[in-house]
Amino acid sequence: MQPGCEPLYSAAQVRELDRLAIEQRGVPGYELMTRAGAAAFAALRRHWPEARRVHVLCGAGNNAGDGYVLARLARAEGWYASVGWLADPGRLQGAARTAWEDAVEAGVTVAPFDAGRLTACEVIVDGLLGTGLQRGVEGDWAAAIAAVNASGVPVLALDIPSGLAADTGRVPGTAIRAALTVTFIGRKLGLYTGQAADYVGELVFAGLELPADLAADMPPRAWLAGYDCAAARLAPRSRTAHKGAFGHVLIVGGRPGMGGAARLAGEAAARVGAGLVSVATDPGHVAAVLAARPELMAAGVDGAPDLEPLLERASVIGLGPGLGQGRWSRALFERLLRAEQPLVLDADALNLLAAAPLRRDDWVLTPHPGEAARLLGTDTAAVEADRVAAVQQLQQRYGGVVLLKGAGSLVCDGAVVWIAAGGNPGMASGGMGDVLTGVIAGLRAQGLTPAEATVAGAVLHAAAADRAARDGERGLLAGDLLTPLRALVNPGQDHHAAHD
Ligand SMILES: NC(=O)C1=CN([C@@H]2O[C@H](COP(=O)(O)OP(=O)(O)OC[C@H]3O[C@@H](n4cnc5c(N)ncnc54)[C@H](O)[C@@H]3O)[C@@H](O)[C@H]2O)[C@@H](O)CC1
Ligand SMILES: [K+]
């Protein structure tokens, strides 16, 4: 178990959990489906307390079964409940067939899909496709989904928005854009990464009262790391602590004109609690770095030999912010690859690494999808098509801990994959990666392992961005994260932190 983390499963694993519940624990399939429909209906009422008219779209599998149950329960409460189907319910089998028969008997109107009916209800329920998605949605189904998305009526998705791939978060064709998704039995990995954030809306998990040990022998595909997971690594400090106990981060980067990147990384390392922070950068930036942040030490370096005195004092190196790829950059990069200290590599350090691949076990690599593609010798689309596979391949090839950035940032240490919760599109702006490098290096300097520092760093970075975005996502600056970061790395002393 990973403290403070939630397990995430593949579609095949959740199918196996269904099977175990039915065959080993004796919960009949129709009972599970009834619990799923009931949990979704309860979530619907909480989310839309005024609603009394619901239209349920049903497909050909058990996801449709959940939909027929929900329609029946709504009808039993005196709601107007109708079903529009894309697959003839006469062909349904097993529990889903029973669910349809019971819905009809209860007085639910069941008819072929008609886009004209969509706007006659207050909430649309999506029971078209669940974990059984086999290919990109097209044809009549794609047209129906487009009509739903264009209707302006809010959608509750059963288990997963139809068309979203449960293992990757990819949308191979088209998909439902839900306001609320209620997912059953196990959290599907694809709800948290890839394109999921554009489709899932608010996410509610319904365990369907299955025993907690059902998944005991099933290692999850990944772990969702939230703020509690980071906070668990941030123990209160000893009252007698001194700055020597919290490490000395050396940030190396900032070719001419890019000094801000190195400064942001340095400042972030200091803000998360590193004892000392030095910045090695182009000599032209030293005065500006010192003037902006007098707590930082700054050294102008003309070449690799100038790094030697700095390396004698550093305990962790963050390499890459604003580094560039020219002669100066390459000389520093090549010297630091041989450094004894643990490394955090970002930006151009990763591009230089892609040109001359190498493995180290104690480093952290933090590529965005473009850098990841260069490191793997592929293209960005291939990385994004299966982000979990990509982060695992990167780790296998380069060693250490790899963080693949993007909505639903992924971390892999070779054994385990984590997804960092939180974050927002305001983070798509210059300097955000530099801050992340500094955060991870600052946490490493305080004794967190590479995996701990990277998972906690990604979570804290996203949480800080979410706080800063309360004033608006557009126009969010990387420097805006620094103040919230300080609050977030002091969990016991910041009573708001745990509730964000
Ligand atoms: N007893 C159980 O197994 C339970 C299952 N549950 C529900 O069952 C779902 C999984 O059910 P199924 O495995 O039947 O799968 P689905 O309900 O996702 O649908 C599978 C059907 O859709 C068709 N299909 C796949 N891709 C398509 C596409 N692109 N366009 C058109 N048709 C397509 C398949 O041929 C198949 O007929 C879960 O997501 C969940 O909602 C829940 O009711 C909980 C209990
Ligand atoms: K669905």
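Placement of Cβ uses the backbone N, Cα and C atoms for every residue, glycine included.
In TrEMBL, the AMP site is described by Lys405, Gly406, Ala407, Gly408, Ser409, and among Gly377, Gly430, Gly431, Gly433 the residue recorded at this site is Gly433.
Per TrEMBL, the K(+) site holds Asn63, Ser162; the candidate it also names there, chosen from Asp88, Asp126, Asp198, is Asp126.
According to TrEMBL, Gly130, Thr131, Gly132, Leu133, Gln134, Arg135, Gly136, Ala261, Gly322, His368, Asp434 bind (6S)-NADPHX; the candidate from Asp159, Asp282, Asp346, Asp413 that the record adds to this site is Asp159. Within 10 Å of the C-beta of Gly136 ((6S)-NADPHX binding site) we count 15 further C-beta atoms, all protein chains included. Of all the binding-site residues given, namely Asn63, Ser162, Gly406, Ala407, Gly408, Ser409, those whose Cα is no farther than the 10 Å limit from the Cα of Gly130 ((6S)-NADPHX binding site) are Asn63, Ser162. With a 10 A radius on its CB, Lys405 (AMP binding site) counts 24 other CB atoms from all the protein chains. With a CB cut-off of under 6 A applied against ligand 2, the binding-site residues Asn63, Asp126, Gly136, Ser162, Gly408, Gly433 are reduced to Asn63, Asp126, Ser162.
Less than 6 Å separates the Cβ from ligand 1 in the case of Gln134, drawn from the binding-site residues Gln134, His368, Ser409 in sequence order. Using Asn63 (K(+) binding site) as the reference Cα, a 10 A cut-off selects none from the binding-site residues Gln134, Ala261, His368, Ala407, Gly433. Ranked by Cα separation from Ala261 ((6S)-NADPHX binding site), the binding-site residues Asp126, Ala407, Gly408, Ser409, Gly433 are led by Gly433.
Gly136 ((6S)-NADPHX binding site) sits 10 Å from Ser162 (K(+) binding site), taking the Cα positions as reference.
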